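Annotation source Swiss-Prot lists signal peptide at 1-24, citing sequence analysis. Here Swiss-Prot flags 27-74 as domain 'WAP 1', drawing on sequence analysis. Taken from Swiss-Prot, the feature disulfide bond covers Cys34-Cys62, Cys41-Cys66, Cys49-Cys61, Cys55-Cys70, Cys81-Cys109, Cys88-Cys113, Cys96-Cys108, Cys102-Cys117. Per Swiss-Prot, the feature domain 'WAP 2' maps to 75-121.
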Amino acid sequence: MRFGRLLLLAVLLAGVSQLPAVSGRKKGEKPGGCPPDDGPCLLSVPDQCTDDSQCPSTMKCCPRACFRQCIPRVSVKLGSCPVDQLHCLSPTKHLCHQDSNCSGKKRCCPTACGRDCRDPVKE
């Protein structure tokens, strides 16, 4: 009887391990996000990676101006940045560079004139 229970437990655990991750990440995608890239494409070079699995431990495969590259990941807060419907008349400097620069739940979001800390919208 005890062997039967152990076998049932093993089968259940094996099945659960095959379920997709609840986090919504794609298979092989590492946690965290990519830092923003503001640079223009100065030199077109081949992609250095196609996905996170090709990057060392804490690095992610991130899009740059005109190619993909393994770079250190940054922490990303929950929610999405709101869409900015405005047009910029006078560009300003960025008020943040990544989510960790923003207080509380605010995210560092692109706006018409630069990056700024904004309240996220629910996904």
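Here the Cβ of each residue, glycine as well, is placed from N, Cα and C on the backbone.
Keep in mind that what you see is a predicted model, and the values were worked out from it rather than measured.
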Fill in the blank from the handout: With Cys117 (disulfide bond) as reference and a Cα-Cα limit of 10 Å, the qualifying disulfide-bonded residues from Cys49, Cys66, Cys108 are Cys108
Completion exercise
Integer Å value for the Cα distance linking Cys62 (disulfide bond) with Cys96 (disulfide bond) is 19
Completion exercise
Should one count Cβ atoms within 10 Å of each candidate's Cβ, the disulfide-bonded residues Cys55, Cys81 would be headed by Cys55
Practice task
Tally the residues of the domain 'WAP 1' (27-74) by DSSP class, grouping H, G and I as helix, E and B as strand, and everything else as coil.
Solution key: 3 helix, 12 strand, 33 coil
Completion exercise
Nearest to Cys108 (disulfide bond) by C-alpha distance, among the disulfide-bonded residues Cys34, Cys41, Cys55, Cys66, Cys88, is Cys34
